[in-house]
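TrEMBL annotations:
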REPEAT    147-181  repeat 'PPR'
REPEAT    248-282  repeat 'PPR'
REPEAT    349-383  repeat 'PPR'
REPEAT    450-484  repeat 'PPR'
REPEAT    485-519  repeat 'PPR'
REPEAT    520-554  repeat 'PPR'
REPEAT    621-655  repeat 'PPR'
REPEAT    656-690  repeat 'PPR'
REPEAT    758-792  repeat 'PPR'
């Protein structure tokens, strides 16, 4: 800020008899022995003034005060400008205590000093700069004469403490009183506009800047860029930036930060590179913003370059830059690098610790995150709301209710449970740990509830299928004047779906649209997935089409669910259309989509297309291998399935239970008994996987299909599970083929106990007896079915022609083209007989 004008008064003559010592000396500085005969008072006063001024600028406030005391002891008159210099020195050092002592001396000297405009202004500036707002504001209100300097001070302090509206009121009042804001006041006004997002007011200030010719000031232009950036007007910010004749690093930083804060990360990185090309040396703010933009884009190369620039420029990894580097490595998943940065940081505040803890949690390293929490406490740092939320998230993700309760207790002891963010984390933790009752209790005891807390409990009820409770809470929040948002609607729809209430979910979805609430990607995906998983495959495909018509682009989850629907109705036409969409939108290479495509093509009879999808995936992962092995197994190509299994192992990918189910199934369908048994043994011995009931079922099928019924039966008796109806049923079916009727008699009793109301079991047993010619037993089984009111479920098949799906049920002649179909079948039968 420009210096306040002050004319040094003239005094009587005195003599200077002692020279001034070095200002760096620790000894007291004595300037004078008074001698009015040889030196005039004016020269002596000027010497004192310049010495005190130099000391203040060098930060030697105490020595300046000592000289002031010396002047008093020698009865030298002290003018207002000396007090002003010392007050200015206190401003430089933010030395509130010393400044208050000077203020006391001013008051002691009476009204001449205390009511001096220069001193009054300096005091306002001093208290404002030292953060004593109440004192500064009180002094400002009592000023007899307000000038541009006092207005600048009070507007500046109001901006710094967040009283932005008051700052702008002062800006307007200043002009009404005839004072023109200078290039120190204008940036504060722009800062307030940015904080309040008052774009219109900011543009008005911009107009004042152009009118008075401040647009050539780098400081003002940088403030304009910053204001427009905070208000989201990036085009206006760029216009100001491009019009600048001279740009310093602050202007470049303002443009980079503006782009980054508005999600325009590529542009932020572009401006950073422009700055480097212009030869402007980046500051720590430049590098921090560049790293944040790189982290948001997942741009590993650029982020590492930013870290290298920081190292080359010798920037210390303080809490700001260090946190930016740490945040970058965390977001891109390079947790080891994040660890190294954390260890090298000179300053570690709570924010830094929270970042590293969050990094571990994002990488699924819950134990490491908790270890960091213990280390943080050992450094005598208190957990804040963010730390507690991280701990509670760790407890939720690991279902560790003991840890969650410890975190909850810490919140209560430190009065943090009333924080809505913490309360939401506690509710979420109890819900994910299976204690929905505790979650409800925490919710009820929280006095201040925001939309996030309401939605947290709504989601908790929805995830466990408590649709009634979710709906009740949905209406309750509206009674308490909390309007639901789209996330609230999504939770209720999910609750209905989890409770298999598909009609209610569809009705709620329609109601949502009628009330003008626009479904988002999550809404559409939830409904499509729910319909597909609950057997409403045609409706799932219809909703998928409506989603695209509404302008919402499907994601990998919605595409995978739609492909699953195609698979279940063997709708190859729809499946190919969805595949085309995925390719056009660069989603075809995503693992979940590729897996669903392989499965869809295989189950729709196009094994070659399934293999083509598999072969075109650049980074094959386990789910895709499993889908391809299953595809070959489904088509009876065990050799190819085993080849893919071998490739999987050669690629260093560890197989899982699904892999072995598919391989064993392939061996079972093609009679590769020895290979299948070898793989079954290998599962436990080499891969340390415990076989499940499904794996034992595959081996039972493998043995029984090859006629080794006794071995299959012994395996059932020795396996660590109680056999289910599926395993018993398939063994009975093979006993029928090999006429092992005694084993059928033994197994049938057990099967009917397991599933007494399954008509298929009765039919399988009856067919086994019929094959053996035991017609009395057949009649007995049939009579038993009649007593229970059971009927054989008719077989069903379907075929898609064009966009229409034609279904055929055994014994049903309702199809409009039945006569033509029967005639065609008769002709085919004649041709088959004649060629036999």
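Cβ from N, Cα, C; glycine included.
Caution: TrEMBL annotation is automatic and unverified by curators.
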Tertiary contacts of the repeat 'PPR' (485-519), as residues 6+ beyond its ends and Cβ separation under 8 Å: 451, 454-455, 458-459, 461-467, 470-471, 474, 477, 526-527, 529-531, 534, 536, 539, 550, 552
With DSSP as the reference, give the number of residues of the repeat 'PPR' (147-181) in helix, strand and coil. 26 helix, 0 strand, 9 coil
Contact set, same chain, for the repeat 'PPR' (520-554): CB under 8 Å, 6 or more residues outside the stretch: 486-487, 489-490, 493-494, 497, 500, 502, 505-506, 509, 512, 561-562, 564-566, 568-569, 571, 574, 578, 581, 585, 805
Going by DSSP, how much of the repeat 'PPR' (450-484) is helix, how much is strand and how much is coil, in residues? 26 helix, 0 strand, 9 coil
Can you give the mean pLDDT for the repeat 'PPR' (450-484), rounded to a whole number? 93
